[in-house]
Amino acid sequence: MIKTLPAFWAVIPAAGVGARMAADRPKQYLQLGGQTLLEHSLDCFLGHPTLKGVVVSIAADDPYWPGLRCASDPRIQRASGGRERADSVLNALLLLHAQDAADTDWVLVHDAARPNLARTDLDRLLSELADDPVGGLLAVPARDTLKRADANGRVSATVDRSTIWQAYTPQMFRLGALHRALAECLVSDVVVTDEASAIEWSGQAPRLIEGRSDNIKVTRPEDLEWLRQRWAGRR
C-alpha cells in the first residue's frame, strides 16, 4: 500500500549575506542555470502536492526579492529576517501561528542556498517521519576521515566517523515543538546553527534520514562552480 505523505509548511530563512562567497550580493541571489539559488530551493516545495504554503524570511532592506517572479506567488509569504538564522525561522513560525496554523502541523525548514534538493529525498523525509513523535532531518553519513585540530592547526586526534553524520536540510518538526525549542534557546542565549540543534537542546532526539550527498549547501565559490558544471551536464 502506498503511504500517504503528510501536508506540510515550508520555511526558508533567506536573510543571510553569505560573506564567505565574497560576491556582490547575498549568495541566495546568485545565478544557477537561469534562476537564483533561492528560486531553485523553492521549486521542489512549490511543486509538491501536499504543500500548505511557504514562508520566506527576508531582510527588511533586501532589494533583490521583489524582482523575483516567485515573490508574487500567492503560496509564498514573506516574514521579517532576523539577526541570526534562529531569529528568522522563529519569525516565520510566528507568522504561521498568527494565521492559525496548528501546533501539530509539520514544518520543513530548508536552506535558501541548498538548491539541489531531489524530490525523492523530500518524499522520503515526509514518508519516514509522518508518524514520528519528534521529527528529523536529511543527513549524510560521514565518508572522509575526520581529524580534530588543536589550537595550532595540528592534528590532535582522528575521530571515529562510524557514528558521525553531516546534517542537511530540510529539517522536519512539528510547528509547536520547534517554536518552543527555538524560543527557549533564544531566551537562554543558547546558540544553535540548525533547527535540530534546538530540538536536541529541548531534550529530544531527532531522527536521521539518509539523503543524497549532492544536496549541498553553497558556502564557498567552488560549491557554486560544482553545481554549475552539474547543471550544464543536464542540458
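From the backbone N, Cα and C atoms, a Cβ is placed for every residue, glycine too.
Marked as site 'Transition state stabilizer' by Swiss-Prot: R20 (among others).
The Cβ of K27 (site 'Transition state stabilizer') has 26 other Cβ atoms within 10 Å, all protein chains considered. Marked as site 'Transition state stabilizer' by Swiss-Prot: K27 (among others).
Swiss-Prot lists R161 (among others) with the feature site 'Positions MEP for the nucleophilic attack'. Around the Cβ of R161 (site 'Positions MEP for the nucleophilic attack'), 13 further Cβ atoms fall within 10 Å across all displayed protein chains.
Marked as site 'Positions MEP for the nucleophilic attack' by Swiss-Prot: K217 (among others). K217 (site 'Positions MEP for the nucleophilic attack'): 18 other CB atoms within 10 A of its CB, across all protein chains.
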Which whole-number value in Å describes the distance between the Cα atoms of K27 (site 'Transition state stabilizer') and K217 (site 'Positions MEP for the nucleophilic attack')?
10
Cα separation, K217 (site 'Positions MEP for the nucleophilic attack') to R161 (site 'Positions MEP for the nucleophilic attack') (Å, whole number):
21
